[in-house]
Amino acid sequence: MRVNWEEKTEKLVNWLREKTREANASGLLVGLSGGVDSAVVATLIKKAFPEKSLGIIMPCFSNPEDEEDARMIANHLNLKYIVVNLDEPYQALVSSLKNATPHEPEKLALANIKPRLRMTTLYYWAANLNYLVAGTGNRTELEIGYFTKWGDGGVDLLPIGNLTKTEVWEFARYLGLPEKIITKAPSAGLWEGQTDEGEMGFTYKDIDHYLLTGEGSAELVDFVKRMQRKSQHKKRIPEVPML
């Protein structure tokens, strides 16, 4: 079924304005990674608040091309942006943690520090400007829990949280975003050479097809269900015991 992207854009922009007003906030900001999800969200917040929207680029031992792409997106949208380099804070924290750890730290435990430092940075600016933080998670990532708890999952609003990754690509084309950004291999930038699909072992297209139709290989179905089970804790507020 053909999607009416003009209608969806208007609905999302109005929703962003409404939620921002409800929070008595002044505007919106987003972390710009150089990827398609953040590019789409940046477009939406710019449309919602042309003068009170901000992109924040936060390299952290990242691929330099990602920062270039993030700047390109901001310039393409005429979106105000700032760059906060997190190399030194990350290095200092990792050094302290390694010194206190009696064994070799888990790779993912160290990698997840990056999105958590970015979350802290976003909320620093949000508090200073009275803005809300717009997250970049899409439906596919949310369904399988492919995000860092209290990292990229730590946001106020998820404007594309009801769109699969495949739909985000289609939306990006409708919005006229640079083709380089749309065709770029999705990556969380957790370590050098990391890609989402390489880490998962499945393509977003196949995962989306299963999420929308219930059809997929036995291996894919097992992967999705396993990820959903493992990530339930990410989607809940902290539990409180009944006394």
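Cβ coordinates come from backbone N, Cα and C, glycine included.
The ATP binding site annotation in Swiss-Prot covers GLY31, LEU32, SER33, GLY34, GLY35, VAL36, ASP37, SER38, THR136, LYS165, SER187 and rests on sequence analysis. Annotation source Swiss-Prot lists Mg(2+) binding site at ASP37, GLU141, citing sequence analysis. The deamido-NAD(+) binding site annotation in Swiss-Prot covers ARG116, LYS149, ASP156, HIS233, LYS234.
The Cβ of ASP156 (deamido-NAD(+) binding site) has LYS19, ALA23, ALA126, LEU132, VAL133, ALA134, GLY135 as same-chain neighbours under 8 Å, each 6 or more residues away in sequence. The candidate set comprises the binding-site residues ARG116, LYS234. Of these, ARG116 has the most other Cβ atoms within 10 Å. Taking only the Cα positions, the spacing between THR136 (ATP binding site) and LYS149 (deamido-NAD(+) binding site) is 14 angstrom.
Rounded to a whole number, the distance between the Cα atoms of HIS233 (deamido-NAD(+) binding site) and SER33 (ATP binding site) is 25 Å.
Here HIS233 (deamido-NAD(+) binding site) comes close to LYS149: these same-chain residues lie at least six apart in sequence, with C-beta atoms under 8 angstroms from its C-beta.
According to its DSSP assignment, THR136 (ATP binding site) is coil. Of all the binding-site residues listed here (SER33, THR136, SER187), it is SER187 whose C-beta has the fewest other C-beta atoms within 10 angstroms.
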